[in-house]
Every structure is written in C-alpha cells, then in structure tokens.
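Only one structure is covered here, and it is reproduced in the block below.
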C-alpha cells in the first residue's frame, strides 16, 4: 500500500500512465488502441482487510505502508466502499469497550456489495468460546439496526458463522440484473463497478458468436453466467469447491439453463480434451457434443500452463482476461503465432497501484 499515491486529483494522470505503459509493452503484437475503462477515484473497493492495533484502551485499524516502511492508522480508508467506511466506524465503537470481542483480535476483513450487504470477519489469536458467540450475536443485533450485516469469527482451525458466510451481490449489466453469491474468504472481483464494465465489454465483443463457449477458471460463474446469452451452450471448469458451489447457486438464481460447471482443474480438463486420461467427474458429459468455437480464460496471476495454452490455441476465438500483463505477454508470444489481437482493453480494477487488469480478444488468422 502507498497512501501517498491515493490522491483522486491525480487519478486521471495515473490511469493515462498505465494506458501508455500497456500499449508500449504490447506493441509487438500489433494490437488495436487500448480501450480504457476507468474506476471511481474513491470508494471503489468492495472488500478490505485491516490489522488491529491494541494500545491500552484504544483499538484501531492499521495497514502497512511499504513506501514509508511503517504501519499507518486507518480510521477511514479512501479506496473502500462507503458501506465499509461506515461499518469501520460503527464496529470499532462496539469493539473497544467489549473485552470478549477485542481480546487477541488481530485482523478484521470486510466484504461489501453494491446491493447493500456487508460481511465482517473477526480473526483471533485464540480459540472462540460460548461467551464470544453470545457477545458476537449481541454485536450483530446492534449493528443490524443500521446495516444488513453478518459476522464470522475465525481462529486457528475454527470458524463460527452466526448466520451465513456469504453475501449476494446484484449487478446491473446493460439491461439485465445478475445475482452473484460471494463467499467469505473466496475470490471475488474487488471493484464491482469496474467488474460490471468488464462483463459488458465481454458481452459486447462476443455478441455475434456462433456455437458454444468453453470457459476455464470460471470461479463463481461471474463471466459464464453473463455470457451465456451469447452462446448455444456454455461448459465451464473450476477447481475450488466453494467457488463451484457458489457458481451452482448463481446459475439457479439467475435462471441460466444452458450452462454446465465441471469441478476440475484446467490442466486436467486439457488432458481430458486431448483424451490422455479419463475422469469420473466427466461421466455423463459428452465433450464431443460441444461445438466450442470460442474459449474464455481468466487464469491466476501465473498465467496459463503450456498444456492448457496448447488447448486454448486450438480455438477460433480466444477471450482472455488477465490480472498480470507479464504472464499475458508470455502467453501471447505463443498465441500470436496463430491468432491476431482484435480487441484490447484496460480495466482499472486497482487504482493507485501498478496492477493492470486487461482483456484481449484473439481471432484465428
């Protein structure tokens, strides 16, 4: 974290610097001009994590400033959603005078939504007992007069849900509303308004698609649910069990009838498609019946492994969302041999940082 860089007055200049840097880095691939999707300059993060500092009777949130090499008190946090900032103030006022809730509390995580829900996770260096549960329930009841809130307690090998461990986000994407179950301690897009722009861009660049869609690394179904309208059928893979369960919930909540999720890694799915191995999880699924002219990938920061990249390269159209321009560039070194870049986008998920979320559409030469 670099607090000095978090100045809304300099946001536009910082974003322009990212655009120039991105275009220069990918010039060898003859990309079209970068389409830039800006963030709000403040209150854009829907989740945040803070360490807790105990100083006598005082208790406060802090983060570590890597530039100053010191901890910085955070009574409010400019990047965090308005809802998180409101909860920060209300929560700390309740924790300070409560010995049971503050004892050995070392971290607080917030997960908020545009739909008005917020989940608060309290992390401890001690085991949680019945007294903690009673006090946490009273805390939830008091906060519920102001917030649509749920509270989770965590300690080593222990997790206590007072009600539920997820929120349901509601995103307005073009003329449709999509509901997404987001589970505590699982990956979600941190910048909801930019996430909407990403979905709208992906829908737009695939709107004339033919056949079916294959998606790897689908998470909670964020993209596949929104893109299902553009394809006959969608087949998606995801390895993390909580994400697969959330995806199944989201499919039903959004009434999607043409999307099937398979719980397996991209690497294993590549082996299955190449008929190198058979998998019990694929019993009853006729992979050969899918006519996937388009593949969608949103890999982790490490990018796509060589075997999966070879699979991806076999498709006519490749829609690639990347959270790491360096590994995207490495993957494009291979993909560019057979495909050309027809769409290029920068999504500013992480203002005031060097991180860049990008989108690329490739079509076979």
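Placement of Cβ uses the backbone N, Cα and C atoms for every residue, glycine included.
Copied over from Swiss-Prot, here are the features:
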type: ACT_SITE; residues: 323; note: active site, nucleophile
type: ACT_SITE; residues: 357; note: active site, proton acceptor
type: BINDING; residues: 189, 217, 222, 238, 298; note: S-adenosyl-L-methionine binding site
Given the binding-site residues 189, 217, 222, 238, 298, and counting only Cβ atoms in the protein chains shown, which has the most within 10 Å of its Cβ?
222
For each of 323, 357, count the other CB atoms within 10 A of its CB; which of these active-site residues has the top count?
357
Given the S-adenosyl-L-methionine site residues 189, 217, 222, 238, 298, which other residues of that chain have a Cβ within 8 Å of the mean position of their Cβ atoms, reported in sequence order?
187, 218, 219, 220, 221, 223, 243, 321
Please state whether DSSP places the residue listed as 'active site, proton acceptor' in a helix, a strand or coil.
strand
What recorded positions in the list 189, 217, 298, 357 lie within 10 angstroms of the residue listed as 'active site, nucleophile', counting C-alpha atoms?
298, 357
According to DSSP, does the residue listed as 'active site, nucleophile' fall in a helix, a strand, or coil?
coil
Please report the DSSP secondary structure of residue 238 (S-adenosyl-L-methionine binding site), reduced to three states.
strand
Let me know the DSSP-derived helix, strand or coil state of residue 222 (S-adenosyl-L-methionine binding site), please.
helix
Residue 357 (active site, proton acceptor) versus residue 217 (S-adenosyl-L-methionine binding site) - Cα distance in angstrom
16
Hey, how far is residue 189 (S-adenosyl-L-methionine binding site) from the residue listed as 'active site, proton acceptor', Cα to Cα, in Å?
11
What does the structure give for the C-alpha distance between the residue listed as 'active site, proton acceptor' and residue 298 (S-adenosyl-L-methionine binding site)? Integer Å is fine.
10
